[in-house]
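Asks: Questions regarding the structure given below will be posed in turn.
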Amino acid sequence: MLFGNRMRTLSFLVCDACLCRKVVTMVRFLTMDSANKQRYEDAVGTLNTLQTNASVLQQAKKIRVGQLNTNVEDTRKYLLRTGISQKMLDSSLSAIHVAGTKGKGSTCAFTESILRKHGHRTGFYSSPHLIAVRERIRIDGKPLSMQKFTQYFWEVYNSLAAQKEHEHDMPPYFKFLTVMALNVFIKEKVDVAVIEVGIGGELDCTNVLRNPVVVGITSLGLDHTSLLGSTVELIAWQKAGILKPKVPAFTVENQPGDSLNVIRQRAEAIGCPLLMAPNFEEYKWPDGKKPILGLDSQVQTLNASIAIQLAHAWMNANNNQASEKSLTHEIPQSTVKGLEQVKWPGRTQTIDFSPQLKIFMDGAHTTDSIKNCLSWFKQASNRGSPKRVLLFNSTGERDPTNLLRPLYDSQLFSKVIFCPNIASSCTADQSNFMVTAEQQLKRTAAHLAAWKAIENEPKSCSVHTFPYVSDALNFVKELSAVEEMQVLVTGSLHLVGCVLGLLDLSDEDV
Ligand SMILES: Nc1ncnc2c1ncn2[C@@H]1O[C@H](COP(=O)(O)OP(=O)(O)OP(=O)(O)O)[C@@H](O)[C@H]1O
């Protein structure tokens, strides 16, 4: 079945640039020992039976922030059942912990890349994944291999299952993966683990980390408001919950509303030295040559600056040269390489699908990040006058009108496509949804209605809906046979993941 789907996908989406990679991926998949393949699929299938994020969020909403939230204690309890006590975690994992509304993934990716280029063995825990869940746990920048994922999954799962105190005493999806990632990093003896917060900070499972070496708080904004609070100040308070006494923390000056003051006050109360990452223009680069960041778009300079500080603060602490100053001078060449060669797919990523079809992808899903995405797209796609198509979806409680309005106002698109986050093929990795296909299709219809409500007469573009992402891609592929097309995929990282999944990329690309 899986193969049938993969074959179909391949015949749909063959582009010259991807053909070689597809063949390699296919051969790798075909030649994998079938027992191992089955064990990996079983592991992912079993993981998906643990409660998914969506249902956990629903429950958490009912409970309300702060009340009865035992995420951190529960994570500690489950870690202990896998043989890792808090003391062991504190002493054996050298961690960098990062929270924020926007840019925490990118900042972690820059930080990890810099540290790797300096020769350190890195672990990196992030969420969500785009194609395969193993992307969430990386060693030396690469997703855990299927074989290692399977091995660690069953080790952790079996110890937890053996020590259950009642029928439902298993961690839900994100908590399980956090426990597993910490196991992997300790057992793989990484020098440094870069850990991205899931949601918020104070009450996030990753806040089981009690003595990270350094902490980062990236750009703040409104997201997950029903969990974290309806103002940026309330959200800032939650994010600042990862600050620790005497552990230096970095953030950026330019934060919305009074949120920076909230972080400052919390840092003072906790006893955490809070430092500002310098403006990107202030750095002294080797030979005066400013790096071309591996992640395109102006906002990435904010993330890159926090990352430089985090990575260097970690390296200084590692050399017993802790400094409570932010660094701007003499940026080493390895740091530049880390910034330039970073890979963080699905964020301001472009793929030349064919000479006539270029795909631009950015998983922006807040109004601010949609605006950033648009300015990146305008700049990156500014070549000739090809037709521009928008492929959009959004999920969760986000108001589609707020996300669609800047896209409409840009007047860039001659066609708009709405489509649920359902590729046509489905592997175990991609079936972790609490939302049914029917609910997703309703959401697609709501996007169509929201767009029509925004649209002024006369209609400036044609609007289409498709049930599957593969149908949407085939539609643009056919259009590109006639004229040059540029497609912007945005609104949801999961939608971007579906597109990337259909392109069948290798581990080097995700
Ligand atoms: N500092 C920033 N300000 C605004 N938007 C940003 C910033 N950094 C990244 N983005 C945009 O936000 C989206 C998600 O990026 P990234 O994965 O780095 O953030 P994140 O905080 O991990 O997001 P999430 O957890 O919501 O998926 C992308 O569209 C990216 O281009």
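Glycine is treated like the rest: Cβ placed from N, Cα and C.
Predicted, not measured: the structure shown is a model, and the values here were computed from it.
Among the features that TrEMBL reports, Mg(2+) binding site is placed at SER127, GLU196, HIS224. Residues or ranges marked as ATP binding site in TrEMBL: ARG347, ASP362. For 346-492, the entry in TrEMBL reads domain 'Mur ligase C-terminal'.
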Asks: Give the subset of the binding-site residues SER127, HIS224, ARG347, ASP362 lying near ligand 1, defined as CB under 6 A from any of its atoms.
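Replies: Listed by sequence, the hits are ARG347, ASP362.
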Asks: If you count other C-beta atoms within 10 angstroms, which of the binding-site residues HIS224, ARG347 is the most crowded?
Replies: ARG347
Asks: So among SER127, GLU196, HIS224, all listed as binding-site residues, which is physically nearest to ASP362 (ATP binding site)? Use the C-alpha atoms.
Replies: SER127
Asks: ARG347 (ATP binding site): which of the binding-site residues SER127, GLU196, HIS224 is the nearest Cα neighbour?
Replies: SER127
Asks: When DSSP states are grouped into helix, strand and coil, how many residues of the domain 'Mur ligase C-terminal' (346-492) land in each?
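Replies: Counts, helix then strand then coil: 59 helix, 32 strand, 56 coil.
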Asks: Tell me the coarse DSSP state (helix, strand, coil) of GLU196 (Mg(2+) binding site).
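Replies: SS state of GLU196 (Mg(2+) binding site) = strand.
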Asks: Looking at the domain 'Mur ligase C-terminal' (346-492) alone, can you tell me the average pLDDT?
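Replies: Averaging the confidence scores along the domain 'Mur ligase C-terminal' (346-492) gives 87.
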Asks: Hey, for the Mg(2+) site built from SER127, GLU196, HIS224, who else sits with CB inside 8 A of the CB center?
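Replies: Output for this site, in sequence order: LYS104, GLY105, SER126, PRO128, VAL197, GLY198, ILE199, ASP204.
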Asks: List the residues of the same chain that sit at least 6 positions away from GLU196 (Mg(2+) binding site) in sequence and have their Cβ under 8 Å from its Cβ, in sequence order, or write 'none'.
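Replies: Correct list: VAL98, LYS104, GLY105, CYS108, PHE124, TYR125, SER126, SER127, THR206.
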